[in-house]
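Q: Would you mind keeping the following structure in view while I ask a few things?
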Amino acid sequence: MGRYRIRVATGAWLFSGSHNRVRLWLVGTLGEVELEPQLRLARGEEEEFDLEVPEDLGPLQFVRLCKQHSLVDDAWFCDRITVQGPGACTEAAFPCYCWVQGEGVLSLPEGTARLAGDNTLDVFQKHREKELKERQQIYRWATWKKGLPLTIAADCKDDLPPNMKFHEDKRLDFECTLKARVAEMVLKRVYTLLSHWNRLEDFDQIFWGQKSALAEKVHQCWQDDELFGYQFLNGANPMMLRRTTSLPTRLVLPSGTEELQAQLEKELQNGSLFEADFILLDGIPANVIRGEKQYLAAPLVMLKMEPSGKLLPMVIQIQPPNSSSPTPALFLPSDPPLAWLLAKSWVRNADFQLHQLQYHLLNTHLVAEVIAVATMRCLPGLHPIYKLLIPHIRYTMEINTRARTQLISENGIFDQRDDVVRADPELQAWCREITEVGLCKAQDRGFPISFQSQDELCHFLTMCIFTCTAQHGAINQGQLDWYSWVPNAPCTMRMPPPTIKEDVTMATVMGSLPDVQQSCLQMTITWHLGRLQPDMVPLGHHKENYFSGPKAKAVLRQFQTDLKNLENEITARNEQLDLPYEYLKPSHIENSITI
């Protein structure tokens with residue numbers, strides 16, 4: 001017998017509290033006892049109370065809780081429950097971080113991470129098996145588009161499990177700010193109804209409202225070759241640039257271009273020749289928007305790196321060779337200014353397409369969703385990998401569902417023995433679920449179907465967390481800066497690519513770029529997706545404590561220290577740059593994909 005001190009923490013989100021009554025049970029190795037505290041489950045508060053227990057419970061294994069209601073089921077978001085036993089007992093933590101709904105009994109195991117084979121007590125094994133069975137009924141796979149990774153089975157956000165939905169604060173901000181931007185878009189459209197739209201300067205009519213300092217810089221300098229090249233390294237899509245090892249076979253150099261060929265060969269020999277090839281877009285049909293046919297190209301641009309560090313374009317081929325055009329036109333910086341500008345616009349449009357569809361949607365959002373669903377289906381809350389990954393999948397399922405419907409260590413848990421990794425059935429099932437199910441048999445693309453060593457596991461986990469954090473940060477954050485000024489990254493092109501340079505006029509350029517309505521829509525979506533989220537959680541700074549014990553907390557503190565040191569290095573480096581690169585500063589990287 002003895003006195004137990006219990007602390008019950010409620011989430012800080014809107015509507016996290018509850019007026020319903022909650023019953024608690026403490027479950028130890030020697031017995032269990034029901035408590036009947038009078039809890040005030042208020043948002044953002046921690047309730048503490050002491051109770052005398054007439055029997056020795058032994059080391060605590062679970063806290064069980066049940067919410068009871070009379071008329072209204074008032075959902076409660078429980079953060080965690082901590083219990084200090086009698087005497088010198090160590091405080092036991094029971095992480096929850098989920099919504100408590102209905103009148104079912106929820107069992108919270110003590111927070112120490114455990115592998116399936118570690119359970120000397122059968123009660124933990126039964127708990128994890130029951131948990132996974134229930135989760136696999138809730139988190140089901142679905143096919144969104146044939147050939148793409150599988151997704152969570154949810155036709156709309158309301159179909160998602162409660163714990164994967166936006167918290168109310170996030171939902172209100174997301175929906176209200178979108179409505180405000182749509183209203184602004186309508187105002188811009190009305191403002192331009194009686195205006196001419198035949199010069200590049202006419203885009204200024206809609207370039208107002210909230211915008212970043214870098215977006216204004218782009219507005220002023222978007223036609224410069226230096227800024228065009230800079231974007232391949234530091235823009236919204238830093239994924240296309242490759243160092244050239246041999247001149248591309250698609251780059252047909254006809255007679256009369258010997259000087260260009262000599263320049264390319266020289267840069268190639270110096271190791272300063274680069275390329276961005278958009279051949280993946282070749283043959284893809286473009287959309288029809290409001291009855292008007294759109295156009296899509298698959299350009300190739302060759303660039304040189306100057307000793308000063310500037311990356312400058314040398315030649316652009318808008319379309320690859322084909323039977324009807326075996327020697328496509330090559331556009332050069334020495335061409336008539338409007339012809340060269342339009343060629344660069346075709347490159348920027350192709351970059352916009354691949355950025356949004358391949359590198360942003362497919363390689364980060366959809367891959368992260370596969371990781372999230374597989375984690376919920378295969379790893380119980382006691383598993384250390386679940387505890388490691390769960391902060392990095394916050395909001396991912398809802399933002400993806402909305403997009404589909406509205407847009408489109410030594411002595412640690414894993415020691416140095418590889419056999420511990422190989423023998424973990426939950427971990428191996430998680431690996432297979434990602435590769436064979438979620439990613440549609442992606443083993444031929446380098447994804448593993450099992451882990452044979454600790455090194456393999458660490459490599460894969462690094463990939464998962466990197467994809468959900470830094471990779472998405474590099475791909476997502478630049479949209480507001482680089483896409484707000486529409487001519488710099490047109491979302492669509494309304495005329496076919498030019499074939500005769502001398503025929504390009506301002507009317508050709510304006511007829512190719514997005515019209516007023518398309519431009520307003522691009523600016524609206526760009527701002528909504530690219531802005532800093534008000535409830536943004538920086539990398540490594542999540543407040544949830546899924547791990548128990550000082551070792552895990554020490555690792556997280558060291559990680560935060562390392563991130564702070566890296567932040568200082570980046571800040572010092574940026575002070576020496578004309579255009580600071582901010583997207584991979586740790587304080588700017590979100591801990592999960594939330595937008």
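Cβ coordinates are placed from backbone N, Cα and C, and glycine is handled just like the others.
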Q: Out of Gly17, Gly28, Gly31, which one does TrEMBL list together with Asp74, Ala75 for Ca(2+)?
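A: The one candidate that TrEMBL places in that Ca(2+) site: Gly17.
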Q: Which of these, Ile206, Ile279, Ile570, Ile595, does TrEMBL say binds Fe cation at the same site as His360, His365, His472?
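A: Checking Ile206, Ile279, Ile570, Ile595 against TrEMBL: the Fe cation site match is Ile595.
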Q: Quick one: which of these recorded positions, Trp99, His360, His365, His472, Ile595, have their CA within 10 A of Ala75 (Ca(2+) binding site)?
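A: Within 10 Å of Ala75 (Ca(2+) binding site): Trp99.
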Q: Have a look around Gly17 (Ca(2+) binding site) and count the other CB atoms within 10 A of its CB, chains all included.
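A: 20, counting other Cβ atoms within 10 Å of Gly17 (Ca(2+) binding site).
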Q: Go ahead and report the DSSP secondary structure tallies for the domain 'PLAT' (2-114): helix first, then strand, then coil.
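A: The domain 'PLAT' (2-114) comes out at 0 helix, 63 strand, 50 coil.
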Q: Sort His472 (Fe cation binding site) into helix, strand or coil using the DSSP assignment.
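A: His472 (Fe cation binding site) sits in a helix per DSSP.
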Q: Report the nearest neighbour of Asp74 (Ca(2+) binding site) in space among the binding-site residues His360, His365, His472, Ile595, comparing Cα positions.
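A: Given the candidates His360, His365, His472, Ile595, the nearest one is Ile595.
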Q: Give me the count of other Cβ atoms within 10 A of the Cβ belonging to Ile595 (Fe cation binding site).
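A: A 10 Å sphere around the Cβ of Ile595 (Fe cation binding site) contains 20 other Cβ atoms.
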